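What follows is one structure encoded as structure tokens, with my remarks underneath.
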Amino acid sequence: LFCPLSLIVIGLFLHSTADQNITVMFSSGSGVEIRGSRGFLALTVLLPENFMNHTQGLFGVMNGNTEDEYTFKNKTTMSVHASPQQLFEFGANWAVENGTSLFTYDTEFLLNNFFYGEKHNASFLPVFLPHEDPADPLVKEMVSLCDSDPFCRFDVLTTRSLEVGNSTKLSHQNHKLLVENLEPDMSLLLVISCGWLDHPTNGKKNGTNYLLGSTISFTCNQGYELTGPKERICQVTRAWSGDTPSC
Ligand SMILES: *[C@@H]1O[C@H](CO)[C@@H](O)[C@H](O)[C@H]1NC(C)=O
Ligand SMILES: *[C@@H]1O[C@H](CO)[C@@H](O)[C@H](O)[C@H]1NC(C)=O
Ligand SMILES: *[C@@H]1O[C@H](CO)[C@@H](O)[C@H](O)[C@H]1NC(C)=O
Ligand SMILES: *[C@@H]1O[C@H](CO)[C@@H](O)[C@H](O)[C@H]1NC(C)=O
Ligand SMILES: *[C@@H]1O[C@H](CO)[C@@H](O)[C@H](O)[C@H]1NC(C)=O
Ligand SMILES: *[C@@H]1O[C@H](CO)[C@@H](O)[C@H](O)[C@H]1NC(C)=O
Ligand SMILES: *[C@@H]1O[C@H](CO)[C@@H](O)[C@H](O)[C@H]1NC(C)=O
């Protein structure tokens, strides 16, 4: 996590920064952004429009209908007003199975812990609604930090750390900003990605963001001259502006 790195595998672009942000973009246009902050990870999954009606699982069904987000594997749908206990059962229903895992378990440790191990621990019960004791001095500090942010409040009370609550609050704010900025249609969380762009042979590119509005600029190594556009912008049509530049 600490090593700045850009790795390109066919169909996959991986970028990580020194401050623990990691972006993975797949050739399908889907991507994952992982942000590490003070020991906590925040994860954002970005899906282009062609995934509409093709998703299921924990992140809901991306179809423009918010009423069916909690759809179980057997296609039964639970109310969006479900209790935290019911949400926990919904999560457990989508627990990874040996056959659906994306990973290869190729050491004894990984095999024992993940392949043969339990995928969902039914005897683990999370805190569903932490108790707010008015006599607890932390509650006052929590209210002043979190205000009405339920995620911040939950994390302060369950971890008894304002710092953790603060990082949750920031992640939640970032999420809300992302939703506001990226939503062309307020009923959907759609992200437009133009896909990964390579640097020209004998040149460099500047920019690692492939989403709508992003600019990638190009320069040539010494002794080479650029033909084609100096920069390309990710457009609403999911295509980069201009042609491929060369050096
Ligand atoms: C990492 O992510 C945070 C939170 O979104 C952002 O403020 C910061 O600028 C990012 N760092 C880099 C190097 O992109
Ligand atoms: C997705 O499904 C909904 C409901 O069945 C339909 O109205 C909508 O047109 C579909 N969207 C796409 C992009 O297929
Ligand atoms: C579908 O799965 C859920 C969770 O396991 C269960 O509560 C529900 O009864 C199932 N519905 C049907 C029709 O099997
Ligand atoms: C698959 O996972 C389950 C637990 O989720 C485990 O009991 C089983 O041994 C695993 N391996 C195989 C080969 O099924
Ligand atoms: C399952 O959860 C219980 C209760 O939190 C815990 O005591 C137990 O160690 C857990 N089992 C595994 C394999 O993690
Ligand atoms: C919360 O985090 C922000 C930004 O990192 C910082 O400016 C602020 O002082 C923090 N507040 C608390 C109570 O830790
Ligand atoms: C890369 O682009 C950013 C913003 O678009 C700019 O601030 C930065 O100076 C550029 N870096 C180089 C090496 O050109």
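Cβ atoms are placed via backbone N, Cα and C, with glycine included.
Bond annotation: of Cys146, Cys152, Cys247, only Cys247 is listed by TrEMBL as forming a disulfide with Cys220. Using a 10 Å radius centred on the Cβ of Cys220 (disulfide bond) and all shown protein chains, the other Cβ atoms total 18. Counted with DSSP, the domain 'Sushi' (192-247) comes out as 0 helix, 19 strand, 37 coil. There are 18 other CB atoms within 10 A of the CB of Cys247 (disulfide bond), with all protein chains counted.
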